[in-house]
Amino acid sequence: MQFPMGPACIFLRKGIAEKQRERPLGPDEIEELREAFLEFDKDRDGFISCKDLGNLMRTMGYMPTEMELIELGQQIRMNLGGRVDFDDFVELMTPKLLAETAGMIGVQEMRDAFKEFDANGDGEITLGELQQAMQRLLGDKLTSQEISEVVQEADINGDGTVDFEEFVKMMSR
């Protein structure tokens with residue numbers, strides 16, 4: 001039998017990634033956008049042109065296709081009078097930034113995911129807690145035996161539970 005850790009972890013990572021896409025941008029991300037925007041706002045009037053937007057996106061590592069730029073340009077001309085201010089720029093870039101970082105799981109996201117599994121909040125995930133969480137997340141896709149094997153594999157110290165450190169190691173496999 002193939003070890004079920006892979007599908008369970010992939011599903012959990014996908015769930016965390018979806019939450020990442022729904023979160024607001026953090027102060028560091030907004031500051032990164034502000035610095036990039038100011039670099040292209042040559043006349044310091046608080047606006048950049050459609051053309052500058054494409055170049056700005058490229059300097060930030062996004063490679064919009066010509067079609068995407070045309071669509072953005074039309075949207076900007078129709079809704080924003082042909083120019084983009086910082087707030088509009090943030091609104092345009094937020095989905096791209098969130099999609100880019102969605103696959104990256106940070107410590108806080110790991111803690112949040114761990115708390116989802118640790119139903120009683122004692123700092124350890126028991127077989128029962130994992131079964132409940134997997135049932136919620138995956139439905140009937142994993143059997144009790146498979147879930148038990150997940151705990152056994154993740155339980156490095158052999159105490160029958162998965163602590164946060166073991167959880168992080170399990171998720172990074």
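Think of each number as a place in line: the chain as shown, counted from 1.
Backbone N, Cα and C define each Cβ position, glycine as well.
Annotation source Swiss-Prot lists domain 'EF-hand 1' at 28-63. On the 0 to 100 pLDDT scale, the model's mean across the domain 'EF-hand 1' (28-63) is 85.
A sphere of 10 angstroms centred on the C-beta of Asp45 (Ca(2+) 1 binding site) encloses 9 other C-beta atoms. For Asp41, Asp43, Asp45, Asp52, the entry in Swiss-Prot reads Ca(2+) 1 binding site.
Taken from Swiss-Prot, the feature domain 'EF-hand 2' covers 82-99. Long-range contacts of the domain 'EF-hand 2' (82-99) within its own chain (CB-CB distance under 8 A, at least 6 residues past either end) are made by residues 20-23, 25, 29-30, 33-34, 37, 46-50, 53, 56-57, 60, 62, 72, 76.
Residues or ranges marked as domain 'EF-hand 3' by Swiss-Prot on the basis of sequence analysis: 105-140.
The secondary structure of Glu129 (Ca(2+) 2 binding site), as reduced to three states from DSSP, is helical. As annotated by Swiss-Prot, Ca(2+) 2 binding site applies to Asp118, Asn120, Asp122, Glu124, Glu129.
Sorting each residue of the domain 'EF-hand 4' (142-173) by its DSSP state yields 19 helix, 2 strand, 11 coil. The domain 'EF-hand 4' annotation in Swiss-Prot covers 142-173, and the record cites sequence analysis as its basis.
The Ca(2+) 3 binding site feature in Swiss-Prot is assigned to Asp155, Asn157, Asp159, Thr161, Glu166.
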Inquiry  = Take the mean position of the Cβ atoms of Asp118, Asn120, Asp122, Glu124, Glu129, the recorded Ca(2+) 2 site. Which other residues of that chain put their Cβ within 8 Å of it?
reply    = Phe117, Ala119, Gly121, Gly123, Ile125, Thr126, Thr161
Task = List the other residues in this chain whose Cβ sits within 8 Å of the Cβ centroid of the Ca(2+) 3 site residues Asp155, Asn157, Asp159, Thr161, Glu166, in sequence order.
result = Glu124, Ala154, Ile156, Gly158, Gly160, Val162, Asp163
Inquiry  = Is it possible to list how many residues within the domain 'EF-hand 1' (28-63) are helical, extended or coil according to DSSP?
reply    = 23 helix, 3 strand, 10 coil
Key: Cα-nearest neighbour of Glu166 (Ca(2+) 3 binding site) within the listed binding-site residues, Asp41, Asp43, Asp118   = Asp118
